[in-house]
Amino acid sequence: EENGHQNKRLKGDADEEDAEDQNKKSPKRKIVLLMAYSGKGYHGMQRNVGSSQFKTIEDDLVSALVQSGCIPENHGEDMKKMSFQRCARTDKGVSAAGQIVSLKVRLIDDILEKINNHLPSHIRILGLKRVTGGFNSKNKCDARTYSYMLPTFAFAHKDHDVQEELYRLDRETLERVNKLLACYKGTHNFHNFTSQKGPRDPSAKRYIMEMYCGEPFIRENMEFAVIKVKGQSFMMHQIRKMIGLVIAIVKGYAAESIMERSWGEEKVDVPKAPGLGLVLEKVHFEKYNRRFGNDGLHEPLEWTEEEEKIAVFKEQYIYPTIINTEREEKSMANWLNTLPIHDFSSSAVEMQSNKNAKKSSDLEGSDGCGDDSD
């Protein structure tokens, strides 16, 4: 029995030594990965362990990390073990050209090639950098830049009969769009631009650095434009609602004054533009770069060398998906048809009392005796 125990011990020690040798060859290090992906067909970026019917970008990423030998299998099941953190939690259908994730991996040879070999072609790792041990891609990020690509007929006035493929955005309308988008700059209370946040919730206040619409261009006989927005951080659906409200104003469904009202305490009905055109373009780490970027040990988190690869990926996977899906599924055109349903003139209180008044007048046989005092 004693010999048996000793043999087991020796075998255990040998296994441990093998594992140690393996780890010495490829020690675990904190890194960031630069990711690009087309989000169509995915339920967002963030993995939902135990809910496999909703496939996410991280499901495919973790699987590739395990298969390439960068992380042990159990780290895939419990992502805290590899200190995994994504910079931005993109929503369902949203794409990215410059997403950043931080994690601890074994630095194996040809690591990028091996990870990419286990990923579908519409998800690519474009770059890798070593970072400090305590680095967290979400907390260390100073700002995020998103773009939103949309067909320009979205800005055509509701009273004009428009043929979508023939519509071209005129200078005057583009200037008006940019004047409205510029109103978002600075700090505002965006509680009306997300769900489940009250007007007095401090986290509803967000800082927007810039927002503008670029020059229109033609793809597949249809005119498109790209809106860029840079902000400290964004809440769920915030950008889509910011754009949705500007479209509603330009089309003539809502008065410009609704913008100021939406930052006040009352509940305002803000429409949410489709997710299809939204792309996470870039994440910014200015403070981290100032502190560690030139310390001789770490590189600054800038990706100038990868810019060409990013541009190629967008042309190959992101833009064609947005354009083809728009043409086939008409997501913007169908959404524009829902704008008349929104009540832009009333506050939530008025809307509720109008509903109540209608109910009571229906019950009373609509004899016109309703109380209009409110």
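First residue shown is number 1, and so on along the chain.
A Cβ is built for glycine as well, from the same backbone N, Cα and C atoms used for every other residue.
No curator has checked TrEMBL annotations; they are predicted automatically.
According to TrEMBL, the features are:
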- 1-26: region 'Disordered' (REGION)
- D91: active site, nucleophile (ACT_SITE)
- Y146: substrate binding site (BINDING)
- 184-286: domain 'Pseudouridine synthase I TruA alpha/beta' (DOMAIN)
- 350-374: region 'Disordered' (REGION)
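On the 0 to 100 pLDDT scale, the domain 'Pseudouridine synthase I TruA alpha/beta' (184-286) averages 95 in this prediction. Counting every protein chain shown, 18 other Cβ atoms lie within 10 Å of the Cβ of D91 (active site, nucleophile). Looking at D91 (active site, nucleophile) and Y146 (substrate binding site), their Cα atoms lie 12 Å from each other. Within its own chain, Y146 (substrate binding site) has K228, V229, K230, F234, I239, L278, V279, L280, E281 as residues 6 or more apart in sequence whose C-beta sits under 8 angstroms from its own. Counting residue by residue with DSSP, the domain 'Pseudouridine synthase I TruA alpha/beta' (184-286) contains 25 helix, 33 strand, 45 coil.
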